[in-house]
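Engineer: Please read through the structure below; I'll follow up with questions.
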Amino acid sequence: MSSIKIECVANDGYRIGESPVWDEKESALLYVDITGRKVCRWSSVTKQAEAISVDAPVSSVALRKSGDYVITLGTRFATLKWKDQLVTTIAHVDKDKRNNRFNDGKVDPAGRYFAGTMAEEIRPAVLERHQGALYTLFSDLSVVKHFDQVDISNGLDWSLDHKTFFYIDSLSYSVDAFDYDLQTGTIGNRRSIYKLEKEENIPDGMCIDTEGKLWVACYNGGRVIRLDPETGKRLQTVKLPVDKTTSCCFGGKDYSEMYVTSASDGMDKEWLSRQPQAGGVFKITGLGAKGIPPYPFAG
C-alpha cells in the first residue's frame, strides 16, 4: 500500500461543499457550495479558489462540450458562462413543489445530465420525505423524469461498460444499481448493492475508479469508502479530519488524486473548534487508484 496523504486545499468554510468535478482544460477542480449559493473553481496551478455567486441554492456543476459549464440551481437546469458570470435557465422541474431544490447531478457517458431533487432541509438530513425525483436533461434540452418519492437524491455514476447506473437516495442508507440503456438513457431493475453500516452513517456523493469500484463519501461518517459493486463488499475506508464529507471525484494530471468536499452547516461552535477544516476541500494522494475523466454535457 502506498502511503495515503490528506491535505486541505481550500479551507473557505463552505456551508455545503458538493459536486466536485475535474476540469482538465483549466487544471482545476470545480465544485459548489449549495447553501452558500456559490459555484467555485480551485486552480491546481495557483492553489487559489475563485467563486461565482448565484441567486439560489446551487447543487451540482458539470462540464459542457461546447465550453463552460452546466449547473443545477434551485429547481432549474442552467448554463454558466464563467468569464461573464452569466447564468441562463434551460429548464424548470418540480414546479408544483415550491419547497424543493435540486441536489447532486452528473453527466452520463452519452452526454446527458442526470440530477435529482429533494425538499429543503429543516436542518441537515431532516426534511419532508418522499418529495424528490430523479431527472435527465437531454442534449436537445428536453427533460425526462425517471421516478419520484425520493428523500435526498444523491450520488450517481455509471459502470465502465455503461450497462449499470449507480444511485444513492441518502436516507435509504443504500447504494443502488439499475440496468442502464446507453442508447436511450432509460433505467430499470433497481436493486441494492450495499447497505451502509452504522458508523459509516449517510451515503452522499460517489464516483467510480478505473477498476470499476465505487467510492462513496459518508456524510457524518467522516470518510470515503471503496466498494465492489459486484460482491457488495467494502474494500477500503479512508478517514478524513472532518465529519461531514459530502462527495468525491478523481482529478489531477492522471486522475490519481481524489478530491473530497465537505460541509459545515449544522455544526455548533464547539464542534467547529474541534474540526477547523469543516467545509474544506481535501486532496487525497497515494490511494493507488485512478479515476476516469468526467463526461461533458452534450447540449
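Glycine is treated like the rest: Cβ placed from N, Cα and C.
Annotations for this protein, taken from TrEMBL, read as follows:
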{"type": "ACT_SITE", "residues": "Asp204", "note": "active site, proton donor/acceptor"}
{"type": "BINDING", "residues": "Glu18, Asn154, Asp204", "note": "divalent metal cation binding site"}
{"type": "BINDING", "residues": "Arg101, Asn103, Glu121", "note": "substrate binding site"}
{"type": "DOMAIN", "residues": "16-264", "note": "domain 'SMP-30/Gluconolactonase/LRE-like region'"}
Engineer: Pull out the binding-site residues from the set Arg101, Asn103, Glu121 whose C-alpha sits within 10 Å of the C-alpha of Glu18 (divalent metal cation binding site).
Structural biologist: Asn103
Engineer: With an 8 Å cut-off on Cβ distance to the Glu18, Asn154, Asp204 Cβ center, who else from the chain surrounds the divalent metal cation site?
Structural biologist: Ser19, Asn103, Asp104, Ile152, Gly155, Ile168, Ser170, Gly205, Ala217, Tyr219, Thr246, Ser247
Engineer: Give the residue from the binding-site residues Asn103, Asn154 that has the most other Cβ atoms within 10 Å of its Cβ, counting over every protein chain displayed.
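Structural biologist: Answer returned by the neighbour count: Asn154.
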Engineer: I'd like to know which of these binding-site residues, Glu18, Arg101, Glu121, is least surrounded, judged by other CB atoms within 10 A.
Structural biologist: Glu121
Engineer: Quick one: which of these recorded positions, Arg101, Asn103, Glu121, Asp204, have their CA within 10 A of Asn154 (divalent metal cation binding site)?
Structural biologist: Asn103, Asp204
Engineer: So of all those binding-site residues, Arg101, Asn103, Glu121, which one's Cα sits nearest to Asp204 (active site, proton donor/acceptor)?
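Structural biologist: When the Cα distances are compared, Asn103 comes out closest.
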Engineer: 10 Å Cβ neighbour count around the residue listed as 'active site, proton donor/acceptor'?
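Structural biologist: Here the count is 29.
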